[in-house]
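Chemist: When I checked Swiss-Prot for this same protein, it listed these features:
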REGION    1-23  region 'Disordered'
COMPBIAS  10-21  compositional bias 'Polar residues'
BINDING   Gly662, Pro663, Asn664, Met665, Gly666, Gly667, Lys668, Ser669  ATP binding site
Amino acid sequence: MEKGTEHKSNVTLQSFTSSSTHQERLTPMMEQYIEIKAVNNDCLLFYRMGDFYELFFNDAIIASQALGITLTTRGKHLGKDIPMCGVPVHSADDYLQKLIACGYRVAVCEQMEDPAEAKKRGSKSIVQREVVRLVTPGTITEEKLLDPTRANYLMTLARIKTSDREEFALSWIDISTGIFRVTESHHEKLLTDIMRVDPQEVIVADSLLHDKSLKSLFNVLGHIISPQSATLFDTITAEHDICNYFKLSTLEGVADYSRPELSAIAAAIRYIEKTQITHRPPLMRPERQNEKATLFIDAATRLNLELIRTTSGQRDGSLLKTIDRTVTGGGSRLLADRLISPLTSPEAIDKRLDSIAFFLRNTSLSEAAHLILKGGPDMSRAVSRLALGRGEPRDIATIRRGFEIISELNQLLNNKLLPQEISDVKEVFSRLPTALHIRLNQALTDDLPLLKRDGGFIRPNYHQELDKMRNLRDESRRIIAELQVRYAKETDIKTLKIKHNNVLGYFIEVTTLQASALTNNPQAKAHFIHRQTIANAMRFTTTELAELESRIAHAANHVITLELEIFDMLVNEIIAQADFIRKVSEALAVLDVSVALAYLAEEQGYCRPIIDNSLTFHITAGRHPVVEQALRKQAIEPFVANDCNLSAKNNHQYAAIWLLTGPNMGGKSTFLRQNALIAIMAQMGSFVPATSAHIGVVDRLFSRVGASDDLARGRSTFMMEMVETATILNHASSHSLVILDEIGRGTSTFDGLSIAWAAVEYLHEVNHCRAILATHFHEMTALTKKLDRLHNVTMKVKNWEGNVIFLHEVTEGAADRSYGVQVAKLAGLPEEVITRATDVLHQLEQSEMAGKGHKLIDDLPLFNLQTISTTHKKTDKYDAIKEALKNIHPDELSPKDALEELYRLKKLEKESSL
């Protein structure tokens, strides 16, 4: 919830409850509301009133603004109107989605009985209501509220502090799929670990909010932080609570969790029990994440490289969006998971690459699998909704359709020599619970209603008693039709109709003119009982019709009751198979990702990388995957591929460092990023945009590309640059890959050059890492004489008729200039500015900077009116002549006309020079 909202809501209720006892009497309904709201004061309360959820007081003001709905009033308190707004129950999910997106938490309060049951306890009794669920950003499961391509993680942050140290752990759960993971962390790594998972809600002990050392972290995370009572993280009963949830007698032999990990896991479980009230989602046992098993990518690097979203927060333009060819929600989520956590084991990476290679070789099999998978149902999320009591017939249909797809894919993969990863998938498919699959096919109709309360989702001939009740219901309706014919004949009123509405039930309707035949005839009057008079018509009933209506209602209600009982039986059978459904969902996702990456490799011309434990980094004809596809879509010139070889040379123990110089707009930043992205794609187990690639596993990837302020923490661009550079120099190893773009540019020339110089030496002599460093400090190219593993490379350019052409090719050597003025000209700076800048640059290049600054200033006076005027005159002269030449068409001129045009041009030249 946004800061200040909770406090404001508390004040409203406190003032209300403290004064209500002696100021004025509350209505019973409002007393009930206040009582329930007081227990859920950190949430907006959706209070069920018939077909609406209503909100009151400050909740109503907040919701009306967030949802754009009308704010009205209901009743008064202390002489003031009570604010109120409401949303229809049938469309509540749409409104919940908006509130959750704004960071609010919502308590859903339902009616636990109907008004008729309440009245049995007394005429003044009110309907019993209870909060059945807390809806928070990290605990949603509704299909409408979830992005099918994105995991929805709830994270807990636990800290165990002793006198001499503090330990941290993070656990995260997606209750919509059952994923449950945990890892240890430390203070410096917390932000990186949290950003990698990208949770929608982070649970922390409220006591941590006052810890100054964590303040900057919480400021960055913003509204996704959800403070809870510190008792949620209690470790005394943590093991007991975990065992109780997973129905284990002990954790021994299951996992050896540390104390911080136990605290984080227990907090997650307790929070789920708190928000889900009576239901427990089927979760995997917490899987410990080994930080050494994945490529470490810090928060700044993830942002700079735009892996999941761009720096502006958009998915379009990110690497994930560019390479995603999956066709299922689970496949898309798995692809994102692999992208944020690339592997460091060559064996594990090769298993994934083998799967892609297999489908590239077997294109017909790949196409068939792709067609079967296309639009495949999200079984893991469906079973979670069913387990939480939020399932509908279409969720069961999702399981049925999923089983059909598994059966088809299992048959497709039969008798094939499969790679290990796909063989494991096939093994899971072969364990399909056939009996349940058959039962679902037998029980469910083909076209299912949206809501189970509507009925009609169980096939005829599946359940004998249900068929009997349906026949009775349908037969009664036929009898109604026959009764109408008989009554019309008996009364001689041909227009007599038997109708139905929710107020009167079944009734006989005749026009007012014909009603006298029933009201004036004593015999008819005794038989036809008057119910209602409306404009132009009168309504009646009979004892026979009332009894028939009772039988119809009983049969119809019994039909719904039986269908719901069958629904619950099927749900229980499905939940009993929850572990299998989760595993088979994972297998479907693996297959989808493998087929999709094979499709991507074929479509884009990617190659299989060689991955080992060496210090090699050799990319031939590498391309930037995002830029390349963008250029192709825009039908612009093709992307220029470039080699990159950071491998050790001349029997050196350690790998090389490239110092990249060249012009602005030459493609330096693109080249830097593309090599980082190629490394990530290779280690996530994907083919890569290159002709060939040999990469020794990268343990840590650091990228300092682009400039940005950290205003939230009061850091300038230069300070941010230095903080990120410090992280690199302090943590990079010989197996790391470092990408640095123009280090030191945020300060004065000499300061920046000095820092960049020292950083390169440190990377070379201490870190021994593979690195590409782009710079405009051309003085640094001299370092290659001192540092034998440092190599100069530059971006090629071509000068043509005074203009610079960027070739975007990387070649050996060093640039002697940056072509900044030429780039400024391309950007459209005024011509007088370009002319002036050229003059200044020329004189600067002719002078020695040190000791001659004052003379240089004297030689270069500031802009003055004469300079600008002269420049404008030159510009006007050239523009006039150009315009005249543009309007001349030589092929259409006679010799006389040509001579006249020549004289006119000469006259223009004279006038322009005055």
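A Cβ is built for glycine as well, from the same backbone N, Cα and C atoms used for every other residue.
Given the structure is predicted, the values throughout are model-derived calculations rather than measurements.
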Chemist: I'd like the Cβ neighbour count for Met665 (ATP binding site), meaning other Cβ atoms within 10 Å of its Cβ, all protein chains included.
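Modeler: The answer is 19.
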Chemist: Would you list, in sequence order, the residues of this chain other than Gly662, Pro663, Asn664, Met665, Gly666, Gly667, Lys668, Ser669 that have their CB within 8 A of the centroid of the site's CB atoms, where the site is the one recorded for ATP?
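Modeler: Counting only non-site residues, the set is Met795, Phe806.
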Chemist: Ranked by the number of other Cβ atoms within 10 Å of their own Cβ, which of the binding-site residues Gly662, Pro663, Gly666, Gly667 ranks first?
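Modeler: Answer returned by the neighbour count: Gly662.
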Chemist: Work out the three-state DSSP category of Gly666 (ATP binding site).
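Modeler: In the DSSP reduction, Gly666 (ATP binding site) maps to coil.
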Chemist: Across all chains shown, how many C-beta atoms besides its own are within 10 angstroms of the C-beta of Asn664 (ATP binding site)?
Modeler: 18
Chemist: Any same-chain residues 6+ apart from Lys668 (ATP binding site) with CB under 8 Å of its CB? Would you list them in sequence order, or say none?
Modeler: Leu660, Gly662, Asp741, Ala774, Met795
